[in-house]
Each structure stands twice: as structure tokens, then as C-alpha cells.
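J.: From TrEMBL, here are the annotated features:
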DOMAIN    74-279  domain 'ABC transmembrane type-1'
TRANSMEM  12-37  transmembrane segment
TRANSMEM  76-100  transmembrane segment
TRANSMEM  112-135  transmembrane segment
TRANSMEM  141-162  transmembrane segment
TRANSMEM  183-206  transmembrane segment
TRANSMEM  260-279  transmembrane segment
Amino acid sequence: MKKKKKLGKGQIVLHAAFILLVLMYVVPFVLTISISFSDETSLIRNGYSLIPHEFSLEAYKMVFRNPGQILQSYKVTILFTVVATALAVLVMGVMAYPLSRPTFRFRGPLSFFVLFTMLFSGGMVPTYLLIVKYLHMDNTIWVYILPGLVSAYNLIIIRTNYRSLPEELIEAAKIDGARELYICFKIVMPLCKPVLASVGFLFFVAKWNDWNTALLYITDPKLYSLQYLLQKILNEAEFLKQLAEAGELMGGEVFPSESYRYAMALVAAGPVLCVFPFFQKYFARGMTLGGVKG
């Protein structure tokens with residue numbers, strides 16, 4: 001029989017620290033689920049708990065009181081988030097390739113231009129005038145996709161990862177007759193898949209949580225993003241709560257404001273939680289690079 005190795009003091013402390021770290025992330029999530037399914041009166045009387053004292057679906061009934069609008073916003077948000085993420089990864093992945101090559105003549109000026117846009121922006125008013133008055137993208141799905149498609153910060157991360165590839169790999173491909181586009185799509189980008197996936201996931205989360213675009217450029221309810229719609233619903237709920245507290249509505253019943261907020265948080269974060277497991281391996285692996293055959 002193999003003897004079990006005893007854990008040293010250092011390993012015990014390390015395991016305990018990791019368990020505490022896991023609990024710091026898991027407990028708030030479980031608490032969010034519990035509050036969203038709790039009765040508002042029970043929350044006021046007993047406070048927050050990991051298990052609902054009194055189970056209630058009232059918060060979700062209020063969130064989905066107009067299911068057609070919620071589903072429409074879901075479809076719009078999923079559409080522009082997926083399309084924008086795919087285009088962003090493609091555009092930044094291709095753009096980073098020439099910027100990473102030491103033989104590219106305009107690498108310095110273009111790198112300076114990218115860095116300049118990261119430090120200085122045109123401002124909200126010029127951006128609004130450009131999008132509305134000149135590009136006429138207001139009240140279109142493209143206003144969610146095209147502005148902000150390229151992030152200077154993410155582009156620099158991808159470029160830095162490309163530059164870490166062995167130069168011999170590129171030279172060997174050129175000797176075999178490979179052209180630049182082939183090298184970019186068939187060699188460089190597959191080897192840098194972890195960083196592209198990581199950047200893509202962060203871009204996906206940022207687009208999914210975007211509500212400011214709809215606030216500025218969208219007036220058609222059919223094009224409302226999910227986050228903006230939930231924000232409007234929350235504002236309406238706060239108004240109803242004030243009326244209820246004044247005794248003008250709901251016949252003295254308690255308005256489910258707290259459970260309502262947490263239910264909306266789960267509705268908004270649900271798809272992101274479903275997508276994350278598919279990208280988790282890339283975060284765990286890090287930026288793995290290929291090798292050069294001798």
C-alpha cells in the first residue's frame with residue numbers, strides 16, 4: 001500500500017487560503033440567487049440569508065411582465081455582442097500582425113497612432129455628432145457594433161504576444177513559400193489562440209454590459225439592449241416603490257425592490273455565466289506558444 005503524504009504546514013495554509021478565496025466568490029453568487037427568490041417582507045424581517053426564508057417568484061414576475069420586450073432585447077443584445085466580438089477579434093488579430101513584424105516600414109508611425117488614440121479621445125459631443133449627423137448610425141444595429149470595434153489596449157496585448165513568437169518560425173514559413181496572409185491566419189493566429197480568446201471574452205463581457213450606447217443613440221424600443229431595458233424597468237420600479245410607500249398603490253403591500261434588483265442581476269448575467277466555461281481553459285493555460293522544428 002502506498003503511504004499517503006502528509007500535508008505540510010505551508011500546504012495547509014495555502015489550501016485554506018484558496019478555500020477562503022473560492023468562498024469569497026461563491027457566497028455572493030449564492031446569496032444573489034437566494035435574495036432573488038425571497039419574499040420582500042421576509043427580507044425586511046429576517047435580513048439576507050443563503051437559503052430563502054420564504055420562497056417567492058414575485059421579483060421574476062415583475063421582470064418578465066412584458067416577456068416579448070425582454071426576449072426582443074435578448075435577441076438584439078446577443079446579436080450585436082456575438083457579431084461585434086467576432087469582428088473585433090478578427091480585425092485586431094489581423095491588424096496586430098504587421099505591427100509586430102520588425103520588417104514592416106510603417107510599424108512605428110502606426111504604433112504611435114494606436115497609442116495616441118488610447119491616451120486621447122475625441123470626446124462625447126464630437127463622437128455623437130459623427131455617429132448621428134455624418135454616419136447616420138443612430139437607431140441601427142451597427143451603432144452597437146462598429147464604434148469601439150478596435151481597442152488600443154487589446155491591440156497592444158495581441159501585438160506583444162505576436163512578437164513573442166520565434167522569428168525563425170516566420171522565416172521558415174516564408175522560405176516554404178507562404179505569404180503574409182497565410183502566415184497570419186494559419187500560423188500566427190492559431191499559435192496565439194489563448195490570448196485571442198481571452199481578449200474576445202473580455203470584449204464580449206464589455207459589449208454585453210453596454211447600456212450607454214442605447215441611452216445615447218437608440219429611441220426605437222425594438223433595438224433596446226438588455227442592459228438598457230433592465231435599467232428602464234428598474235427606474236419604473238423605483239417610481240412604483242415610491243408610490244407604494246406613499247400608500248397610493250398596491251393596497252399597502254410591500255414592493256419587492258431588493259429581490260427585484262437581484263433578479264435583474266441574474267437575468268442580465270446569465271448568458272455571460274454560460275459562455276465563461278468555454279473560455280476558462282484559455283485563462284488557465286495562459287498564452288501557450290508553439291515550437292520550431294529543428
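Think of each number as a place in line: the chain as shown, counted from 1.
Positions of Cβ are set from backbone N, Cα and C atoms, glycine also.
Just so you know, TrEMBL annotations never went through curation; they're auto-generated.
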J.: Return yes if the transmembrane segment (12-37) and the transmembrane segment (260-279) have at least 3 CB pairs under 8 Å (sequence gap of 6 or more), otherwise no.
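T.: Contact between the transmembrane segment (12-37) and the transmembrane segment (260-279): present.
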J.: Counting Cβ pairs under 8 Å to the transmembrane segment (141-162), which of 76-100, 112-135, 183-206 comes out on top?
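T.: Comparing 76-100, 112-135, 183-206: 76-100 has the most Cβ pairs near the transmembrane segment (141-162).
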